[in-house]
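Asker: Taken from TrEMBL, the feature active site, nucleophile covers 240. As annotated by TrEMBL, S-adenosyl-L-methionine binding site applies to 115, 116, 117, 118, 119, 120, 121, 139, 183. Per TrEMBL, the feature domain 'SAM-dependent MTase RsmB/NOP-type' maps to 25-314.
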Ligand SMILES: C[S@@+](CC[C@H](N)C(=O)[O-])C[C@H]1O[C@@H](n2cnc3c(N)ncnc32)[C@H](O)[C@@H]1O
């Protein structure tokens, strides 16, 4: 038996009795995890992403159960293709898409992502809601929210506010939410295929004290989710671990406490080979309804491991419903941007402005209802930098609205687009198409997709204003 298989056998021995087809499970845990990406429907389609990746030599397979997602070989590095920085797709493991699929957030709703960073599920819910309504993305670690904001900018999301609070104390004054996701911190055993199996020394084992601590924190998070959810609303609890102590036991404890005020709904996804939840573990019995929870065993779908339970709050305290904030529908700089790029009259329809006095003017979905208190860290999409003259459209705005520009948008070939992303100046001859009316900001596109903003100089040069921080993230 090879070393990787032995490591997996040691690490997961405690689950042997739970796992259907133990040898197949061990085989799977010694193979690298296939990559998964999903097309950003605000900007493109799954077929278009598949074609762009195929041209670059990456063969993908559409996922049967998920109309946006594509599976790629394990060695596909999502950042190795320019489409990632252009916001055409997002990388997210297949099973990590199950919780939001089951949360089923709808346009216009108010949804809380209690443990949001790095923001994969935040983004998934924001696009499922067609970039309307409210996604409150909260995480206890301020530093980790940077990743959430990066996703917001790259994908062009106008319905996300970010907050930093311990989820178990998330203020009830934030008002009622229609749906709440608790994608809880956990012992992460289901992510083993991301690389742990390859390491000589497998990750430190989780001891029983740590499991107890995690389970207590998970239950506290779930309790707060139940309190803040509207009666009739849905709560999804998920982890990426196999441990019943962090999965069924946590939901079982909540069901006992909440009695008739909460129901467990079946977590089934047509086309995905999920297994039922566990009702019996190490001599402890859990509520039989937990069979309705979903376990993703890695060898069933050649994926990572996940657990998802879907709860419905039947009755209980209803918190105040929060209305849209007092924000102006427009700002004079938007008119200038509209004129410079000859954007259609409805380019900013359904959006309002926020923060016009600070560094950035942000754009928000008009029906966004962020919490009055706690004040969010950020709200909406940073659209215009106000501290430079003339005010500068951000890369995020360029990517979100640029395809509708009818002038001052230039198309670049592959080499020039790469130079633009590397912030190198370009001469006029490198521009493959588009019309420029005079010096000033221009939108820069490749293959019809807007990549960012440049400045056309009086001397006929195109200066790249691609963000320095994004350049650092480029593949070498
Ligand atoms: C499994 S990760 C979430 C992944 C994220 N939902 C996604 O799909 O990208 C768990 C997150 O919970 C956060 N966290 C840990 N304890 C927390 C708490 N008490 N309240 C809120 N967030 C917490 C961690 O910082 C971590 O970012």
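Numbering starts at 1 and runs along the chain as displayed.
Backbone N, Cα and C define each Cβ position, glycine as well.
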Asker: What is the interatomic distance between the Cα atoms of residue 121 (S-adenosyl-L-methionine binding site) and residue 240 (active site, nucleophile), given in whole Å?
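Answerer: Cα-Cα, rounded: 13 Å.
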Asker: For the residue listed as 'active site, nucleophile', name the DSSP secondary structure in the helix/strand/coil scheme.
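Answerer: It is coil.
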Asker: Relative to the Cα of residue 240 (active site, nucleophile), which of the binding-site residues 115, 117, 119, 183 have a Cα no more than 10 Å away?
Answerer: 183
Asker: Just jot down the residues in the same chain as residue 117 (S-adenosyl-L-methionine binding site), at least 6 apart in sequence, with C-beta under 8 A of its C-beta; none if empty.
Answerer: 137, 139, 141, 144, 145, 147, 148
Asker: In Å, how large is the greatest distance between any two Cα atoms among 115, 116, 117, 118, 119, 120, 121, 139, 183, the listed binders of S-adenosyl-L-methionine?
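Answerer: Across 115, 116, 117, 118, 119, 120, 121, 139, 183, the two farthest Cα atoms sit 13 Å apart.
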Asker: Determine which residues of this chain, when 115, 116, 117, 118, 119, 120, 121, 139, 183 are set aside, have a Cβ within 8 Å of the centroid of the S-adenosyl-L-methionine site's Cβ atoms, and list them as they appear in the sequence.
Answerer: 113, 122, 137, 144, 148
Asker: Using all protein chains in view, find how many other C-beta atoms are within 10 Å of the C-beta of residue 183 (S-adenosyl-L-methionine binding site).
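Answerer: Other Cβ atoms found within 10 Å: 25.
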Asker: Reduce the DSSP letter at residue 119 (S-adenosyl-L-methionine binding site) to three states and note it down.
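Answerer: In three-state terms, residue 119 (S-adenosyl-L-methionine binding site) counts as coil.
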Asker: Once the chains shown are all counted, how many other Cβ atoms turn up within 10 Å of the Cβ of residue 115 (S-adenosyl-L-methionine binding site)?
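Answerer: Around the Cβ of residue 115 (S-adenosyl-L-methionine binding site), 22 other Cβ atoms lie within 10 Å.
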Asker: Restricting attention to the domain 'SAM-dependent MTase RsmB/NOP-type' (25-314), give the mean pLDDT.
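Answerer: It averages 96.
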Asker: Just to confirm: which same-chain residues, 6+ apart in sequence, have a Cβ under 8 Å from the Cβ of residue 119 (S-adenosyl-L-methionine binding site)?
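Answerer: When sequence neighbours closer than 6 are ignored, residue 119 (S-adenosyl-L-methionine binding site) has 137, 147, 148, 149, 150, 151, 152 within Cβ distance under 8 Å.
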